[in-house]
Every structure is written in C-alpha cells, then in structure tokens.
C-alpha cells in the first residue's frame, strides 16, 4: 500500500500511482474541496475508478477529521490542545460556516450506467484500504425474492402488489428487515446486488427494503444514474441530495439519459389500457351499488386494507379526462411519413383540453394512484395498469413546481424551454383486447396518434440536481472529448476539467486508417455505399486478412444492427465468413439480452483454447459489448471499426434535436454556447467510435491494434475527433499490404517485449476448479492466454533484423520499445520519400521541366519500353555467354543517353507550354499559377495547386491549359489531378497507371515487362518426364553459333521436375496475373535491389506485404523461395512456417547445393 499527499489530503493507494493518476486524484480533490463541478476524462486502463474511489474516500475521512478538530476545540473552551497545529490546518470545515455536526459529512452518491458496471466498481473498492459503509440501490425486478410478486407480468403490477403486501405486513421477507438491518456483518460488508440477493435468500430477508434501510447510514450509495436523473425514480427511492457529492462514472451516456428521463411517449395503447382499467373499476363499483356494498366472496386482509375510498362520479371524471385526452391527440391529421411539431409550452394547451391544469393536477394524480393501487391488489384476472401509471408520471413531469397564479406562466415557460411536442402516427400496431362493455371508448378501437414530449437539453436535469443543493457534481469517463462541447450541453458550470494522458507507451498501440481493402476498393459505411456488393466484399476481405495477422481475440464493430446483419449475410453467401471462421471462429452480439452471456462466454473460451488461433466477436457501436465489457489482454488484441455510427438521420427525434440546437445557436444567448445541429450529429458518431476503441487497451501492460476501416477517417477533421491518447499514433497507408506488414511487425515487437504465458490444455485437476461461477478467476489461473500466433510472432523477430533492439541516436530522447518504434517509423517515412522531379527546373528560371503531353507521352513511353525490352533480351543472352560486365556498361550508357534526350524534350515542352500560358492569361493569373507551382515543388501540397489552377476551368478556352499543368504534377499525385480535371472540364489528362510510378519503379516495370518474353526452356516428353534440361540455345541467341551446344545445365532434381528456368518463367507469369503491373513492378524492384545489396530484410518486407493481401496469393509467397539466396533460405523457410501456420516442405524451399548457388546467382543477374 502506497500513500501520497495532494492538496493537504493523504490518499492511500494500492500501489505507487502513475503521473496521470496523480493528476486525476488531484483534480477530484480540487472539486471536493472547492465545492465546484468537474469533467474529468481519463482513458480506459488508467485506473480511473480506483483513483476516483480512493480520492473521494480519502477526502471524506479528512473532512471528518476537520469536524472532529472543531468539536474538540469547542469542548476545550478556548484552550489549545495542539499548540503547534493551528485549527485552520484541519481544513475549511473546522473554521468556516455554521457549527458542523457529524451528520454534515457529505454522503457520496456514486452512479454508473448499469448494475454490471457498478459491480465492477464495488470490486475495485474491495481492493482499497478503505472500508466505508456502503449500499447499492436496485429495483424490485433485481432485488425482490418474493415469488408471488415476481410472477406478476408487468413491473407496475409488481410494485403495487409489493406495496400492498408491505402495508398489510403479509410479506415474510419484509417483516424481517427491521431485525436484520443492524446486523454487523451486513453493515460492515461491501456487497453488490448479487451479494445482497444471496444474503436475502440465506437470511429470509427482503433485499429491496434492506438496501433502502442501509441507505440511511451509508457513507457511499451506489446506483444506476437514471435513479438520480429521473425525478420519479428519485422520489420513489427517497434519495436525499442536499450537501451530497454526486459522481457520474461512464458519463458519456449521461446526456442521453438526462433527455430520456424527462421525456415521454404516450401511445394510443397506453390511453386505451387506462380506459379499460377504469371501465373495469366502474363495472365493479356499479355492482357494489346494486348489491348495497355487500362483501365480496374474495374477502381477505389485503382487500380490506386496499378498499377504494372513491365515489363513482370521481372515477367517471377520470374516464372522461382519458377520453378527452385521446380525442385531443387524435384531432390532429398527421401525415404517415412525418409528424406535427409544436413548441414545448403547447403541452399545457393540449392537456388543458382534457381538463388537466395546475389547479386539477393534484386531485387527478392522487385519484390515478388510488385506482392503480386498488386494481393491482385485486385477486383474479390480471389487469394492465401501466397506462394509468404513465399518465400519473406525465402529470408529475409536466406540472412540476408549485407556482402561484402570477408566476404560473413564467414557470410553464421555464419548464418547457428545452422541450418540443411531437404528434405522429402510431406505427407499432399494438393488438389489444377490445372490451365489449358499454363503457368502452369507440375511439380506442382505431389506430391513433402518439403524443411525444421530448427534452433536447441534458442541462434541464443537471440544473435540477444543482437546485437540490448538491455539494458538487463530477462527470468522468474514458470518452468525453471534446470537453468544451460536452460541458456546453450540460448548462452548468464546470470549473475543473481534465483530459488525461494514457499510461501506455507508443509500442503498445497501433492505429491505422484503412481506406481501401486488399482489392483496392474504397471502404465506406456511408448511406450510398454501405450495401454496395463491392464494398461489402472488400470489407470482408479486409477483416479476413486482418484476422490472420492479429493474434488471439479480434473485435469488429459495425455502426448498427441492420448493417451488421446484412453484411454478415453477404459474407456467408460469398465465402468471406468461411475464411474468417477458419482462422478465428465468429461470435455475433445478439439483439436481446437472453443469449448475450452465453455468446460472450463462448468467445472467451475460444480465445482461451490453446488449440485455437483465437476468436472474432462481431458487435455494434453503442451496444452492450462496446460499452461496459472488459476485453483485456488476449480477449481484445485488435479492434476493427467498420464505419461511422451516425444516428438515423430521418428519425424525428434526431431531426428535432438538430433543429433545436440550430435555434439555440441563432439566439446567441449571452454566456451560453451551443453546438450546431451538424456538430452534434458528427459528435454522436465519434463518441460511439471512441467508446468502442476503448475496448482494446485495458491496463498499463496491455497492447493492441485499432483499424479504422472507412475512407472518411482519412480526413483531418475526422481524426481530430479521436481520443487525445489515440491521435498521435494514427498512421495513413497507401496500400493494404503495408498495413499487414506493419501490424505484423507491431505484434512481433509487442509480444517479444510483453510475452504472455503460453496456453496449455488445463489438466483434469485444474478443470474441476474452473467452475462456471468462477469464470473470471479461471481465465487467469487455469488458462493462460497465449495462442499459436504468439509463438510465431516471437520467431519472426529473428527473420527481420529491423525488429531487433538497436542502439539509437541518444538525442532522440526515447527509451526502450518506444524508441524502436520511432526508428521503424522513420525508416518507413524515409523509404516513402518521393524522388525530386522536374519541378526543380522552376527554380532555375525556366519555370519547370515536366512529363510529356497527353498524346506524346504514350507514344514515347511505348518506344522507350520496347527499346528497354530488346536491351534486356540482349543483356540476358550476353550474360549467359559471360559478357555481363561489357554489356552492362553499354546498357547504362544507352539508358543514360535516352534519359538525357527525354529530359531535354520535357524541359523544352515545359518552356513552350509556359510561354503559351503567359500569352493566354493575364499577368496576375499567370503569376499566381507559377507561384502555386513553386509552392507545390517545395511543399508537395497538391491541394494548393488545385485551388489556384481551378481558375483555368472557368473558361472552355483555357481547359487545355489546365490539362497542360498535368506535366508538372508529381507521379504520386497524377491520378488525383486527372480525376479533378475530369470533374472540372469533363475531360481527363490521359492518366495511365505507370505514370504514377517513380523513376526506379518504372525501370523495374520495364524489366518486368521484358520477362514476359523470357523463352520457355527445356522440353517435356509425352510421358511427362524431363527429357532434356539443357537451355534452348536456339531461342536464346536466335540461331547464333557463339553459344556452345552444352550450354549451362541446371542441376537435376529427379525425374519429372521441370527445368528451373521454366519454373521461374511460370512463376513470373503467375505473379503478373495475380498482382497486376504496378505491384509486380514493386516486386521486381525489390528483387533488383536484393541482387545489388543482398539486403534480405528489405526484400522480405516488400514480398510479405504484396503476397499476404489475399489468401490465394500465399502460394506465391512459398514459391518465391526460389529467388532467395542460399545463406537466407533457412530464415525464409522459418518465416513461412510462422506466417502460413504450417511447416513448409523442402520441395517448396529446396535444399541448397553448389549447382543451386550458381543457378541462383545467374537467376538474380537476369533480374
């Protein structure tokens, strides 16, 4: 146990805290001491909950000490007990304000979203040294153990039956509460809801009323935060807020809960069920009148005590109110596709038509409560009283406050300022039983309208809490940013704010934006793209390939359930699901709660299975898996975000929320700042994304990868919405293969530095211990989380030297793994630098030298390409004769001359073009475009160039000039410029894929194209066996006699094997077919460099990135072993074993012989 003193408060902490934890604790104490509100964001995995509990409880103990010091000072009557310790040092409570008492020590109200999250918080509390008196509040649904009550169909029926039994003391569990509520073991224990129910069953005492009894003496009260924010729940649980410290954990959902807790939807079914219930009561009352109030057959203690003291006229008046309300709502002719929207204050006008006003509200409310209680207590047939209860709740919500006649209008405006009334058609088609009774309403038999009263400002509920006299409110979560917009929605002051950093190092997180799948198709979940087959197929390929390189557990989040279901159906029909299933069995989040636990347990077990490669879990943003579940360590090594989860744009509530915010922005109220509707809409999507991202890093030693698979994440404003601890690590990639390469390296490094214990099958003795109810402990004690991927990734470090720890330049200031990753990133950036192009010519006064015009480019390139191909054929012949050096020199001289001529031609054409442009444009416009070209040359920023040259698209006479600028555009921007030109003028610039290649890659492409003409070597007899392994000299030298008939012989590898030259030729053809020209050129450039430098690492990096994009290309990766030099073949074979997951046969990577060495050398020379 460690302790630290911050702001005069000594905090006991289970271990020495990190700097970010100290910052967090300090901010919490500042809020508590200064009585001010705070918004504190700290990433998941930083120990936020533990810090919050320790800081709050330490401050509370300190506060109690200050009260004690004041009491002692008073009793001493002025005498000084501690002469060296002034009273003020005990804190503000000892010297300020009225005379304090021990009851003045504030209660801590700790609220989170769900009971499962509260259970995690209570477990954290058990890990501290603090032992406060605690209680956790829950509903009867969770806590009641009376089977008769729990058999009731609706929650309202349970409530009223419970109340009836309590009032008659006919519940044996409730009768034991008073005796057990002072039990020392109970009072001093820290129990969650599950523990409380166990205690209740064991001691035969009601857990629900026990928790309410414990609340009175508790120091910390835990509850779901709708209990606090919903005024009805607050009253029902008798929650006293005056002077309390209110903490909202997981507060990213507070906005939504605030709005929903003060909103309602009254459906025709609700009104009809209320009418039917009142009808039933009227029939019963009529019978009583006819029989002279004679006793019924079902007379018992409960019916005696629950008798309805209400005359028939009052009941009839309630029915008339219900009928009038139904008629008022249905009087609006609402289009089926949209509703009628009114200002919030219209709710009073509508209810007044049903005789509901401030004057009548109390009487009507009490009558509704009496009727509900009476009907719920009646034996026999079940009667739905939910409609009556809803109307009672509406009266409480709408008619809040007790204003005088003069202040009533102002109160009504204040109550409804942040609300809208929306009346729309009921599309749910509820089937309800129609009563044949004469009292039945004819209007209740038809489909009607829904009355919605929606709150659009969470500040309404927050202000209500402040009005209750709370000491301070602390909102905290891992995903609150941007804080400014979050606090502006709350409408109360937050003087204390914090955006905390993470405890992890840079080598523990990998974040990449994947805008295109392995097949080059753009990924997007936008409305117009999400269900396009090419998009779904590309996403399926992306997930399938990533599932192979991410070890253990992989989480995949979709924007919504419909999108996930339709995408998964497509994948199942087209084989993508099978590919994923073969590597990581798929588990899909269900819509309902019923099977969720079973499915998530199946996923955990699969990831934990030592025989598996892990599992994949498919879920939705804002769903259960994205909010509160813990996917620590191997259970969440990778998170894939498949799109942006924007709220449904056509939903009336979303539309009205955006309109409301836009209205508030236009009003420009002094001192208040509102988001615009569009800002709010975007923010909702990114909050959901950020919450899902938070699943991957759960503690300081965790690590994982985040993949943002939507092209919209490439935009800088989108990345700015990501959490502050994620933004520095986001990487953008040109190709999918580079992602595979880098993430493979990331996991190799991470697993080497943070190895987990290898998974083993649990022995029988261990299996008997791992019972289902001890799942959490069994996951750590009986099964260690290490899949076969881990072993493989560790081995890869030996294959690629760049992964090994190196001595770095000391001035970098980085340590350990962080510095390794920094160096790696530097190397990647270095390799991606573009060679300087002819824009350098601009600075020499001739403006620039450029690529060819549209028509000339293709022709000259074709000539150049064919010339190089002939040179290649000639060079190959001469190298086989041993004339390698001489021919090479000649080739270099020829290529040099060709390049000189080409450069001179480009410079001349560029000069002519600029002269033509100068004649056609005004001096100002010409100067601007030249300046833009020079800026482009220095900054490589195409956007500036596009902006300035857009003026050329305004006049059809200057369209050709815009296309002429194409010659100055660097290769990697040519495609984009061509697309922009096509968009602006209707005609492109003649872009061809090879124009986007740098010079060295073009050379490789030329060499590659030449290999297509490599002659077929050797002959095969009709029996299928090799009859001659000698090179076909007739084809190589076109009949020349200077090559002797013996030629070069390939080593015999046994009967039936094709000559090596033929194998190589076949392989090269397969590569071209599989990868296409551009990627094939990259491969040949890598082989060419390998021949020159013998740099195995660079070669393998390129090869792996190209051949692992698609499963079907893996065989090419194996076959590529023929190009690996003898001293690297062992490394290459081991790497294949790791990547492919099975031992590669000797046939695939042949054994090395002296003849083989000679042949390999010759083959590399050819390339």
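Each residue's number is its place along the chain shown, starting with 1.
In case you wondered, yes, glycine gets a Cβ from its N, Cα and C as well.
What TrEMBL records for this protein:
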BINDING   144, 162, 171, 206  [4Fe-4S] cluster binding site
COMPBIAS  1016-1030  compositional bias 'Low complexity'
COMPBIAS  1043-1058  compositional bias 'Polar residues'
DOMAIN    7-328  domain 'Helicase ATP-binding'
REGION    1013-1061  region 'Disordered'
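Here the binding-site residues are 162, 206; the one with the fewest Cβ atoms within 10 Å of its Cβ is 162. Listed in chain order, the extra residues whose Cβ falls within 8 Å of the Cβ center of the [4Fe-4S] cluster site residues 144, 162, 171, 206 are 140, 145, 146, 149, 165, 166, 173, 174, 208, 209.
Within its own chain, residue 171 ([4Fe-4S] cluster binding site) has 146, 149, 162, 165, 206 as residues 6 or more apart in sequence whose C-beta sits under 8 angstroms from its own. Listed in sequence order, 150, 158, 162, 206, 207, 208 are the same-chain residues at least 6 apart in sequence whose CB falls under 8 Å from the CB of residue 144 ([4Fe-4S] cluster binding site).
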